[in-house]
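These notes concern the structure reproduced below.
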Amino acid sequence: MNVIWRSCICRLRQGKVPHRCQSGVHPVAPLGSRILTDPAKVFEHNMWDHMQWSKEEEDAARKKVEENSATRVAPEEQVKFESDANKYWDIFYQTHKNKFFKNRNWLLREFPEILPVNQNTKEKVGESSWDQVGSSISRTQGTETHCQESFVSPEPGSRGRSAPDPDLEEYSKGPGKTEPFPGSNATFRILEVGCGAGNSVFPILNTLQNIPGSFLYCCDFASEAVELVKSHESYSEAQCSAFIHDVCDDGLAYPFPDGILDVVLLVFVLSSIHPDRALFI
């Protein structure tokens, strides 16, 4: 699988200091140079560089870790929670629906590398979001971009928008498998693993709808989460395919052939998987 490096950078010409891809919402800042000097402006960006804890903050964090580790889960309970994890997440989504997590409207501003290069797009964050954001955010990624290298690990021949591969349109030649797969006509494809209620899905779709030939796959091992995505008013099978899938089970098939993805996105996913199972991703 492709992985989006959280430390993605774009290098300017002539060996200048690394910069992130240009964003029309936030000013271009060299990677590592976004320093919080005024605490009153802490919410102006989603993240800040080189934040250092005070001695008091470090001691408080250590105390919390010790408190959390004081009570351990019994081994038999660990097995149950691990084997039935999807069921517990189903209960979570049955209880909280789409109200627990906020939409990641910052995602494409902080990581514009997710989108195809050299695309003119407008990011619309509006009523199609779960949290019904009232305002819309416009951003334009110019055709003369500073980013010459994306550092998003690509599939061979990807990252640009190429012509559709006719061999992919009916990749399943076996009996009963003659239908084109979802997104078979797309030229740029993203997969989000662990989509939950769609808090990354719909901010991304708001932008992808302005990029012809793009398609978004999203999966979760909790069936309730997938149903929440499919029930959203902005969900369209013409540009998105949501499906149930456990990425730790390498015996499960995907609804698309190997080698067609341009970007794979995992947001707060790896940290929730047992290290032993993460080896199968």
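Note that Cβ sites are derived from N, Cα and C of the backbone, with glycine treated the same way.
Note that this is a predicted model, so its numbers are computed, not measured.
Matching Gly194, Gly198, Gly259 to the S-adenosyl-L-methionine binding residues that Swiss-Prot gives (Trp89, Tyr93, Asp220, Asp246) identifies Gly194. The Cβ of Lys80 (SUMO cross-link) has 14 other Cβ atoms within 10 Å, all protein chains considered. Cα of Trp89 (S-adenosyl-L-methionine binding site) to Cα of Lys80 (SUMO cross-link): a distance of 13 Å. The record gives Trp89, Tyr93, Gly194, Asp220, Asp246 for S-adenosyl-L-methionine. Within 8 Å of the mean position of their Cβ atoms, the other Cβ atoms in that chain belong to Asn86, Cys195, Gly196, Phe221, Ala222, Ala225, Val226. The separation of Asp220 (S-adenosyl-L-methionine binding site) from Lys80 (SUMO cross-link), Cα to Cα, is 19 Å.
Within the same chain, residues at least six positions away from Asp220 (S-adenosyl-L-methionine binding site) with a Cβ under 8 Å of its Cβ are Trp89, Gly194, Cys195, Gly196, Val226, Val229, Ala242, Ile244, His245.
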